[in-house]
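Trainee: Mind looking over this structure? Questions follow.
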Amino acid sequence: MKITLVGNGRMGRQIADVVAASGAHVVNRVLDVNDTIDAAAFSGSDVIIDFTVRSAFLANYPALIASGVPVVVGTTGWDDVMPQVREEVVKARSTMLYSANYSLGVNIFFRTLREAARLIAPFEQFDIALSEQHHTGKADFPSGTAIKAADEILNSNPRKRTIVRELQEGRKLQSDELQVASIRLGSVFGVHSAIIDSESDTIELTHTAKNRTGFASGAVRAAEWLVQRHATSPGFYTMDDFLNDLFSA
């Protein structure tokens, strides 16, 4: 499998290391976030893996779609335009997979959280909130992973209807609001926690990333899956689509 990497930052370099160690695939091209990109840049590639920033992705995604090469996207912070991107992917009969986090471990965390949120829904004594920690270089907050975790809760627990990213002084949190607290600290790779609390006890679910290897390995594995899916069923996919196949195999 010939892979073009869009983005030569920490995640891009980690993916290149994982690919080199596997011996099964090759990175045939690396495009920098500041490069001018058109569809021809992806000629000869089997799959594209994009880990850039919001502004670069928004500038580049038309070329990604037009290339006809399946695209794995790990860039976060563009949820507001996702419906538009999805529509363009489907219209062009292209193939794209998006996830805020490709780590298998964190996706098991999502599924565990989904079930926990569903289980506490009938019991009003249990409240729930989220927190996330990342290094000081991470620009977006809450993280894409935290937003995905919040969506899991909102979709599984009807008592929570909206996300609150910041609390103003003197403002009381409403019972139907889900607080998502963000911390930027040092060189933390990523810590995501769900806290479920009642008068009697507290339950904590936490995923801690020790390094970027899990993210990179998951992205490469997702790329393998997407290449096969592109051949038979082009479209816009999420990590859940990939994991449903993976866990049912």
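Glycine residues also receive a Cβ, built from the backbone N, Cα and C atoms like all the rest.
Since we're looking at a predicted model, the values are computed, not measured.
Among the features that Swiss-Prot reports, NAD(+) binding site is placed at ASP32, GLY74, THR75, THR76, SER99, ALA100, ASN101, TYR102, with the record citing sequence analysis. According to Swiss-Prot, the active site, proton donor/acceptor annotation covers HIS134, on the basis of sequence analysis. The (S)-2,3,4,5-tetrahydrodipicolinate binding site feature in Swiss-Prot is assigned to HIS135, GLY144, THR145. Here Swiss-Prot flags LYS138 as active site, proton donor.
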Trainee: May I ask which residues of the same chain, at least 6 positions away in sequence, place their Cβ under 8 angstroms from the Cβ of THR145 ((S)-2,3,4,5-tetrahydrodipicolinate binding site)?
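Mentor: Spatial neighbours, sequence-distant, of THR145 ((S)-2,3,4,5-tetrahydrodipicolinate binding site): THR76, ALA100, ASN101, VAL106, GLU132, GLY190, HIS192.
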Trainee: Cα of the residue listed as 'active site, proton donor' to Cα of THR75 (NAD(+) binding site): how many Å, rounded?
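Mentor: The separation of the Cα atoms works out to 12 Å.
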Trainee: Considering Cα atoms only, can you say which of HIS134, HIS135, GLY144 is the nearest neighbour of THR75 (NAD(+) binding site) among these recorded positions?
Mentor: GLY144
Trainee: Which number gives the other C-beta atoms within 10 angstroms of the C-beta of LYS138 (active site, proton donor), all protein chains shown included?
Mentor: 15
Trainee: How big is the gap, in Å, between the Cα of TYR102 (NAD(+) binding site) and that of GLY144 ((S)-2,3,4,5-tetrahydrodipicolinate binding site), rounded to a whole number?
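Mentor: Cα to Cα, TYR102 (NAD(+) binding site) and GLY144 ((S)-2,3,4,5-tetrahydrodipicolinate binding site) are separated by 11 Å.
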Trainee: I need the CA-to-CA distance for HIS135 ((S)-2,3,4,5-tetrahydrodipicolinate binding site) versus ASP32 (NAD(+) binding site), whole Å please.
Mentor: 22
Trainee: According to DSSP, which kind of secondary structure is THR145 ((S)-2,3,4,5-tetrahydrodipicolinate binding site) found in, if we only use helix, strand and coil?
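Mentor: The three-state answer is helix.
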